[in-house]
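Chemist: Have a look at this one.
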Amino acid sequence: MDNKDGCCSTHLIDGDGGFNVAGVDNFMKEVKLAECGLSYAVVSIMGPQSSGKSTLLNHLFRTNFREMDAYKGRSQTTKGIWMARCVGIEPCTIVMDLEGTDGRERGEDDTAFEKQSALFALAVSDIVLINMWCHDIGREQAANKPLLKTVFQVMMRLFSPRKTTLMFVIRDKTRTPLENLEPVLREDIQKIWDSVPKPQAHKETPLSEFFNVEVVALSSYEEKEEQFNEQVANLRQRFFHSIAPGGLAGDRRGVVPASGFSFSAQQIWKVIKENKDLDLPAHKVMVATVRCEEIANEKYASFTTNEEWCQLEEAVHSHSVRGFGRKLSSILDTCLSEYDAEATFFEEGVRSSKRKQLEEKLLQLVQPAYQSMLGHIRSDTFERFKEAFDKALKGGKGFALAARECTESFISRFDEECTDAIIDQAKWDSSRVRDKLRRDVDAHIAEVCSAKLAEVTSLYETKLNEALAGPVEALLDGASDDTWPAIRKLLQRETDTAVSGFAAALSGFEMDVESRENMVLRLKDYARGVVEAKTKEEAGRVLIRMKDRFSTLFSHDQDSMPRIWTGKEDIRAITKTARSASLKLLSVMAAVRLDDEGDNIDKTLSLALVDGKAGASSARSITSVDPLASSTWNEVPPSKTLITPVQCKSLWRQFQTETEYVVSQAIAAQEASKRNNNWLPPPWAIAAMVILGFNEFMTLLRNPLYLGVIFVAYLLFKALWVQLDISGEFRNGVLPGVLSLSTKLLPTVMNLLRKLAEEGQGVASGETQRNPAVASKSFRGSSSTNDNGDVSTSATSEVTSENGTEYSSSSLHDKMQ
């Protein structure tokens, strides 16, 4: 026993038919099979010698059965029946590797052991893998048909029925799809079942009562190892929980408990060995079968090494070959003629059957080359079609006309080249490749058509976007009652222009009316979408737009000149006008009006927001409902609404809040201007001063010196006012102002007198050094050279130059300091 990797492989039945009782008992102990109860499964494999059974089992179940060494030649590797445990599969699964059938070591007539081992496998196994080559499907011996027929007969006579899964494993799968191979296998198995004599109790019993038939296909292990391993890994998953409902052996019957497996298997083998009813094929038929098979194999091998065929196969894999069908048909005909000459004296039925099998194998061998040839013809034709089609389009030919002419021309050329590649023995149909070429051509035409249509559509969409986006934005910015009529007119004009050019561009495609109208309709919808998108974009900035418009109208007059608030302007009226214009902008952007349907948005907003609190209060008292307390506008669908009434109210409230500062600044500037301009006392005060001060006025006229004294006193008082900041001191109250001034008055007066004295001394000393012209420039506005009035005249000049404002006094104060 070999216990490598836990598979515990052992020789169950040797090559002479001896049952290894001790080995099986030891095996059961090693794998603890007796503890499994009914939770175990038995899998076996049968098939031709050197067909890769052991290799498949080692990869599928991770066993270590001995595999054939291909470098030493093809010979018998497995003798008798070997048994091992499947590694890593639950429940416990036992696999049996049967000796290959049709081996030369046992001779051409000694097939009893093959049938006995196959019958044993069917009797004890839940799942039987039948390993067969893909190219043997449809054959008689290689496909194990006689063997299965005999097994079915003997099994029904010797054993009670049990449900067994027959899994046909097709090795070295060719390009033939599995869905085409599986029906052939199932049909052959059904025919075998129908032809088997059955006991009276099972005359009408269907095959499915005793067998589940499964078919799988695997790629070549030698040529496509990675693909083979991947497929085996997928197949391995099916053996997990195989006895569970729905598994490969989910509906098995008559299972023997695991503890009795050894005895049960021993008794079954004993009954099989003692049976004498196994039919052997007739000697003549056997000889004919073997010999014709050998001749067919020789001719097949000869064909594969044929120099002409090898050169042709190599050439066709890289490029198309002229006269391919004629050359290959000649080679095939020569090979089949040689077979007929050597097999002419053998039994006719066998000879014809083997000839047919040889022909099928040869055709299967050459079919890839034929398909490659058709593939080259198809690809070459398709490439030439694309070049010709592209050239026709660049030459200015209409799209539909160019597509039609090029398609007809190159499909006809393909048919001519396919006729040259036909193989006489096969009579294969090239319609599938032709259909593939037609689909490729149609797909290319559709792709180019879509690209051209997308290019034309993109061109006109770009034109519409350029023609609409900017003007619509300008129209919305200058919102008025004519904004939406102007936008509709602009949209209609530009859409008609674009549609006209677009329809002319589509004429070369020969589209059906419905498709053309749909594309035109999509272009029109795109134009509307541009306007709606631009409107929506501008609606998102409506508050900024409203503030800009208000600022422009409020701060500039009708001539676009900045306003100077002199006190004569009606700020209330200007504010109302500017806000009404801003409200107009809000009403214009509140909804999309491309369908020329009337609405009351402008009127509703004006009544609710601009017409005054009294009107709004009276309206609310009548209706008791705020017209803007809604999420929809009357007569405007929600899809066309950009700013809801509630949002309008919120935006207007925010707008008023953010523009109040500008209005208040204007009012403040206007009042400041009025204060600056109103320096005279009221008229009544002027009249009282004239009447009551007439005597004093006459006194001043009689003695002008008083005027100079009063003027100097005024300047001194003004300087003290500024120096002491009397208005600022009284800002916090009378008492704090008086206390503060009482502490600052005497120092300030003394400081002021000192400054005046210094200024007077500086002027007196400067006059002795300057000429008269310089002196006149130093005392601006001086009109007298009286020595007693120098300081006063200079101070008077400074005050007069500043128009007697507060800042003039401050300048005098700074100068004095």
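Any Cβ shown, glycine's included, is placed from N, Cα and C.
Heads up, TrEMBL stuff is auto-annotated, nobody curated it.
Dumping what TrEMBL says about this protein:
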TOPO_DOM  1-680  topological domain 'Cytoplasmic'
DOMAIN    37-252  domain 'GB1/RHD3-type G'
BINDING   Gly47, Pro48, Gln49, Ser50, Ser51, Gly52, Lys53, Ser54  GTP binding site
TRANSMEM  705-722  transmembrane segment
TOPO_DOM  726-817  topological domain 'Cytoplasmic'
COMPBIAS  779-790  compositional bias 'Polar residues'
COMPBIAS  791-802  compositional bias 'Low complexity'
Chemist: Have a look around Pro48 (GTP binding site) and count the other CB atoms within 10 A of its CB, chains all included.
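Modeler: If we count other Cβ atoms within 10 Å of Pro48 (GTP binding site), we arrive at 21.
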Chemist: If you draw a 10 Å sphere on the Cβ of Ser51 (GTP binding site), how many other Cβ atoms land inside?
Modeler: 23
Chemist: Looking only at the domain 'GB1/RHD3-type G' (37-252), report the model's average pLDDT.
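Modeler: The answer is 79, the mean pLDDT of the model over that range.
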Chemist: Do any residues at least six apart in sequence from Gly52 (GTP binding site), in the same chain, have a Cβ closer than 8 Å to its Cβ, and if so which, in order?
Modeler: Asn131, Arg171, Tyr221
Chemist: Over all shown protein chains, what is the count of other CB atoms within 10 A of the CB belonging to Lys53 (GTP binding site)?
Modeler: 28
